[in-house]
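These features come from Swiss-Prot:
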type     : residues                               : note
BINDING  : 8-13, 63-64, 85-89, 100, 160, 186, 191 : NADP(+) binding site
ACT_SITE : 132                                    : active site
ACT_SITE : 134                                    : active site, nucleophile
ACT_SITE : 156                                    : active site, nucleophile
């Protein structure tokens, strides 16, 4: 039985990857950080009590900032595959906490690679590094492919660039099977609420049911290549099953604006909207309502505004990946469209919003946490 070690297992990608590997018959080990509150909601459904007979899923406390912990865990587990998905992954937060972002995202990758090397597992353990399309930043060509020069535009992207190149360096220096997946934006109902797609679908659901008045966004002209996390974790696994390690772009090859994702999300909730104004004065107004979900929304309501607080210090205007290498060499193609992904996300957030609305209607004090 193959053994896999996943950092970031409590996140969106980690939870989907754990499901995928368990279905493949793997023994899955995940590293989770100690928290004062429960942070395992995405993996509760696959959790196995260690007292059960022959469990295949194990959680370990650890942190990418703790060298000795990583060395010990790699020694104890002796993994066949490591998927380094753990990171401080929010671009805006990286401007507020640049040192922490560098420590986790850059040095954390080095610590994990060193844990493999120090334990003498260079030729046993295969290593996958979750890289990012943010490396391209101020894009040098469209679309972006494996050979496109990097131009990072945030502390997060700079940290991830170090992680990318140290992974390449360990592959070339020590003969490790180590590779980078350059992941373009990928979403799902498990996406964190502060990331723009989930922020949008959650707010639209809340607005439809009268739990929120208005959604505030930054640059709505931003173009992104959005795929589904399920498709992307499948590609991550495929990358470690090849004869030779290579780096791959993981993307759909299609892009839409943030504005269009808002429109798409609203339509899934039965709300038609019209945009007007420009720049910080742009708004979206409800023009029609066509679904029973939107019980509290009214035609004429302004439900989207621009807030300059959400502009990045250095903006990344467009990201569009070219996944042709993945298709040609691995046979990978994304199976879930952005429209299907959006519908799934809105449906999930509507279900949650309906529960909150029901509690509120029956006299319970329900507060909806909104991004500041």
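Glycine too: its Cβ is placed from the backbone N, Cα and C atoms.
The two recorded residues residue 11 (NADP(+) binding site) and residue 132 (active site) have their Cα atoms spaced 16 Å from each other. Taking the recorded positions 63, 134 in turn, the residue surrounded by the fewest other Cβ atoms inside 10 Å of its Cβ turns out to be 63.
Local packing around the binding-site residues 8, 11, 86 was summarised as the count of other Cβ atoms within 10 Å of each Cβ; on this measure the leading residue is 86. Sorted by the number of other CB atoms within 10 A, the recorded positions 89, 132 start with 89, the lowest. Comparing residue 8 (NADP(+) binding site) with residue 134 (active site, nucleophile), their Cα atoms are 19 Å apart once rounded. Residue 156 (active site, nucleophile) falls within a helix when secondary structure is assigned with DSSP. DSSP classifies residue 63 (NADP(+) binding site) as coil under the three-state reduction. When the active-site residues 132, 134, 156 are compared by Cα distance to residue 186 (NADP(+) binding site), the shortest distance belongs to 132.
Sequence-distant neighbours of residue 156 (active site, nucleophile) (same chain, 6+ apart, CB under 8 A from its CB) are 88, 89, 90, 91, 93, 94, 101, 105, 132, 134. According to DSSP, residue 186 (NADP(+) binding site) sits within a strand segment. The Cβ of residue 186 (NADP(+) binding site) has 27 other Cβ atoms within 10 Å, all protein chains considered.
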